Amino acid sequence: NFSRVTEFILLGLSDTRELQLLLFTFFFLAYAMVLLGNLLIIVAVRTDPKLSSPMYFLLCNLSFIDICCSSVTSPRMLVDLLSQRKAIAFEDCIAQLFFLHFAGASEMFLLTVMAYDRYTAICKPLHYTAIMSRQVCWVLVSACWAGGFLHSVVQTLLTIQLPFCGPNTIDNYFCDVPPVVQLACTDIYVTEWLMASNSGLLSLVCFLVLVTSYTFILVTIRVRFTEGHWKALSTCASHVMVVTLFFVPCIFIYLRPFSTFPFDKHICVISTVFSPVMNPLIYTLRNKEVKVSMWKLWKRCRV
């Protein structure tokens, strides 16, 4: 007898009531920091003419994507932490999976573009203005969103074509590919390898491209070191921190067969919570221009 699953039960991070309230407080503050910090960056970049370079244009887009990524999982997680029964409809689960990979893959591509921007600024400074024009920046950002959309469509199609007729308990606090496909009532060997080659290989390739570009940057700085290159090195250091926080968990989660290795939901906290929180902190605390712009914005708001 075939009966399609209509909802999934999320187990969350803990079943202890006291710990759930503690986690709710922590994640609520983290989500508030994500919204406030990234919105401040967007407003500061959009209102300050001095922050009109391609680097800040890309940073503004990164802040917007971070808000999207965090908003896909955090509001639902906060509600579930205060609920006794953490159920999510099948359609809502698939929608959450789609938008999570849409925003996540777009951020991967955008971080790669930001590394290319820094490589061009440091290694080819005389041609930087011509290479990274505003039109080129818009094309690159649009390509990031298009690539993220295509990636997410593939992941979603591979998921919804599976039959779900048995267990409906997801050992996680949101719907993601690994824990969801393991509930399918069929052999998922081919599907999980297709998904691993899509998400996992994409994460690994982008990460290797980023490491290569920053290696070239470090070699260039070592050869001709000036005060301007010291500033560039500081900027690149913040980028490397963001890249590490974002890509390492993604590679660990997706670049392996889902049914062979147990899914670690606590690793997801790094990419869905800590990474969006750290981005505005890293880019503001290590960037003098952004801090000055935010201070000017604060003084204008007080008047």
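Indices start at 1 and increase along the chain as displayed.
For all residues, glycine too, the Cβ spot is worked out from N, Cα and C.
Heads up, TrEMBL stuff is auto-annotated, nobody curated it.
Keep in mind the model is a prediction, meaning the values are calculated, not measured.
Copied over from TrEMBL:
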type	residues	note
TRANSMEM	20-43	transmembrane segment
DOMAIN	37-283	domain 'G-protein coupled receptors family 1 profile'
TRANSMEM	55-74	transmembrane segment
TRANSMEM	94-116	transmembrane segment
TRANSMEM	136-154	transmembrane segment
TRANSMEM	201-221	transmembrane segment
TRANSMEM	233-255	transmembrane segment
TRANSMEM	267-285	transmembrane segment
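233-255 is the stretch from 55-74, 94-116, 136-154, 201-221, 233-255 with the greatest number of Cβ pairs below 8 Å to the transmembrane segment (267-285). Note on the domain 'G-protein coupled receptors family 1 profile' (37-283): its mean pLDDT in the predicted model is 85. Between the transmembrane segment (201-221) and the transmembrane segment (94-116) there are 3 or more Cβ pairs closer than 8 Å, counting only residues 6 or more apart in sequence, so the two stretches are in contact.
The transmembrane segment (233-255) is in contact with the transmembrane segment (94-116), judged by 3+ CB-CB distances under 8 Å for residue pairs 6 or more apart in sequence. Counting residues 6+ beyond its ends, the transmembrane segment (55-74) has Cβ neighbours under 8 Å at 27, 30-31, 34-35, 37-39, 41-42, 45-46, 96, 99-100, 103-104, 106-107, 110-111, 113-114, 117-118, 121, 134, 137, 141, 144, 173-174, 235, 272-273, 275-276, 279-280, 283, 289-290 in the same chain.
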